[in-house]
Amino acid sequence: MDRLKCPSFFKCRGKEKVTASSEDFHIRENDENQDRGNWSKKSDYLLSMVGYAVGLGNVWRFPYLTYNNGGGAFLIPYAIMLALAGLPLFFLECSLGQFASLGPVSVWRILPLFQGVGITMVLISIFVTIYYNVIIAYSLYYMFASFQSKLPWENCSYWADENCSRSPIVTHCNVSIRSNEIFQMNKSWVDANNLTCINGSEVYQPGQLPSEQYWNKVALQRSSGMDETGVIVWYLALCLLLAWLIVGAALFKGIKSSGKVVYFTAIFPYVVLLILLIRGATLDGASKGISYYIGAQSNFTKLREAEVWKDAATQIFYSLSVAWGGLVALSSYNKFNNNCYSDAIVVCLTNCLTSVFAGFAIFSILGHMAHISGKEVSQVVKSGFDLAFIAYPEALAQLPGGPFWSILFFFMLLTLGLDSQFASIETITTTIQDLFPKVMKKMRVPITLGCCLVLFLLGLVCVTQAGIYWVHLIDHFCAGWGILIAAILELIGIIWIYGGNRFIEDIEMMIGAKRWIFWLWWRACWFVITPILLIAILIWSLVQFHRPDYAKIPYPDWGVALGWCMIIFCIIWIPIMAIIKIIQAEGNIFQRIVSCCRPASNWGPYLERHRGERYKNMDPIQEKLHLAIMSPYASLDCQGR
């Protein structure tokens with residue numbers, strides 16, 4: 001249709017009129033959805049999804065979980081969880097967001113009773129986003145610290161204590177004080193008194209690597225426990241601020257700007273990982289670490305422990321970002337007929353293969369560390385948060401041109417983290433856009449920057465001297481059970497209540513009809529295997545719960561209580577929103593519950609052209625989202641009346 005035949009403030013597409021305000025710089029004329037915008041290219045979406053999935057967890061979390069849960073044996077529950085839980089949920093969420101073109105909260109028009117599940121997903125994403133950027137800040141600090149002719153952790157320096165050594169150190173030995181009298185004395189006392197140890201009487205203990213002491217004493221200035229908050233570590237606070245400025249700058253135009261940045265941030269890490277793997281494989285002891293990783297020295301008895309299976313499921317969710325809301329948010333900007341099935345397969349396989357690939361680079365270096373420190377591989381690193389900031393810095397310090405490699409590596413960590421952070425913030429802003437579209441169109445930049453500022457302020461507690469304890473606390477409570485609960489309810493709501501067969505029909509409206517055998521595996525997982533598996537893991541892990549600790553330092557009672565409060569705050573919105581919806585509905589209590597278990601009258605494809613016969617009677621309120629949108633807190637019943 002000729003644009004001159006329409007009013008100047010409308011653009012015409014077929015029979016539809018949609019707004020095209022000059023303020024909507026994140027929307028282009030060729031976008032299918034002129035209210036929300038679409039990805040500029042399919043590759044923008046795929047790289048954003050890969051960047052969201054392939055993050056710090058693949059380098060920083062997965063190798064630690066593998067080492068901590070039996071080495072190569074951990075790959076067994078990891079692969080099982082991918083096939084039975086990760087991939088089915090990933091495909092479900094991509095399809096859900098793309099079908100309705102709505103974010104993780106508003107998409108629950110599909111089942112108003114469960115709208116609290118969407119709120120839970122967003123809240124968990126917010127908590128994790130707070131500490132995730134702190135890890136990015138650590139990467140920035142190490143990158144800046146590497147701009148020296150000699151890496152500061154290359155040798156034990158002024159910040160080190162007597163335990164700093166790459167080789168085992170003597171703690172006690174026998175000395176002859178008087179004739180024919182031999183005593184075992186502390187080595188420091190022996191040195192202070194200018195005595196000499198009797199040959200062969202030395203008692204050794206492993207020393208602490210310079211990189212480990214630098215991490216604890218310089219980078220973190222770590223206190224003795226969570227009770228000792230200490231001061232804000234100013235250089236970490238500045239790095240955290242810089243990290244949030246980078247995130248805000250990349251997202252000021254929403255997906256239009258972040259979709260371009262990911263071309264570099266999603267591809268660059270693979271180049272660096274390949275280089276580090278090749279270099280790591282040439283180090284002494286590398287074969288020992290790789291052997292431990294691939295299973296030659298794996299501890300298969302670990303597979304009997306509930307924590308291992310819970311960690312495998314959590315890592316799938318953490319890595320694939322299932323049940324966080326981000327997949328729904330990013331997929332909501334797809335064109336309606338995009339093949340979300342093939343996208344899900346490609347992204348999931350890319351992510352998991354990246355984890356395994358990164359593990360070889362990590363374990364080759366762990367083997368080298370074990371070799372030079374005289375330890376077993378399982379004794380090299382005691383905490384997952386230390387892995388990227390002890391193992392890699394230690395290895396890089398041994399390489400010719402160490403500062404260059406260190407800058408390259410920590411810049412890679414920066415790009416890995418930023419990809420995931422972009423999508424997490426986009427999840428928050430997409431939720432705001434769905435609830436307040438008019439405000440978001442006019443004030444996208446200040447709202448995006450405002451979110452970054454608030455999250456920066458909330459993250460300052462994580463850059464105090466006790467900050468690492470806070471980071472571990474949030475990760476322990478919010479990145480585990482919360483997403484398991486959200487995933488279980490998501491499956492129950494969409495597959496069991498809304499109807500799995502009905503949902504499959506929705507998917508076929510987008511990707512075309514498939515033969516029944518195509519859906520056999522997905523039906524088996526969605527209806528039975530995945531929910532039962534996740535419920536069993538949740539119950540088992542709760543029964544096996546143990547108090548969190550960091551570096552063998554237990555958390556105080558108030559810290560554990562705070563952790564429980566955080567996760568309860570995230571999931572309590574599920575019953576709260578269900579009660580609100582039931583109260584707002586009409587009829588007796590049974591009729592109200594039944595009403596809230598049906599899709600809202602404005603549930604369906606966003607644009608009229610895609611609704612077909614199945615959704616031809618969809619409430620026209622959907623077409624007016626550029627003027628107003630139904631808030632989940634509005635005084636409307638479950639059917640949107």
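Just so you know, glycine gets a Cβ as well, placed from its N, Cα and C.
Annotations in TrEMBL come from automatic prediction, not curation.
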With C156 as one half of a disulfide in TrEMBL, pick the other half from C164, C173.
C164
Go through the chain and flag residues at least 6 beyond the ends of the transmembrane segment (520-541) whose CB is under 8 A from any CB in it; none is fine as an answer.
81, 84-85, 88-89, 91-92, 306-307, 309-310, 313, 480-481, 484-485, 487-488, 491-492, 495-496, 500, 504
Which of 45-62, 316-333, 404-425 has the most Cβ pairs closer than 8 Å to the transmembrane segment (232-252)?
404-425
Residue pair C164 (disulfide bond), S420 (Na(+) binding site) - Cα distance, angstrom, rounded:
35
Taking just the CA atoms, what is the gap between V54 (Na(+) binding site) and C156 (disulfide bond) in Å?
34
Which one, 74-92, 113-144, 561-583, has the most C-beta pairs under 8 Å toward the transmembrane segment (479-499)?
113-144
So which residues does the transmembrane segment (345-366) touch in its own chain, when a touch means Cβ under 8 Å and the partner is 6 or more beyond its ends?
46, 49-50, 53-54, 57-59, 62-63, 66-67, 75, 78-79, 82, 86-87, 90, 270, 273, 276-277, 280-281, 283, 286, 289-290, 292-293, 319-320, 377, 380-381, 387, 391-392, 394-395
Please report the number of other Cβ atoms within 10 Å of the Cβ of S319 (Na(+) binding site).
26
Between the Cα atoms of C156 (disulfide bond) and L416 (Na(+) binding site), what distance do you get, rounded to the nearest Å?
30
Taking the mean position of the Cβ atoms of G51, A53, V54, N58, S319, N351, L416, D419, S420 as the Na(+) site, which residues outside that list, in the same chain, have a Cβ no more than 8 Å away, listed in sequence order?
V50, Y52, G55, L56, G57, S321, T354
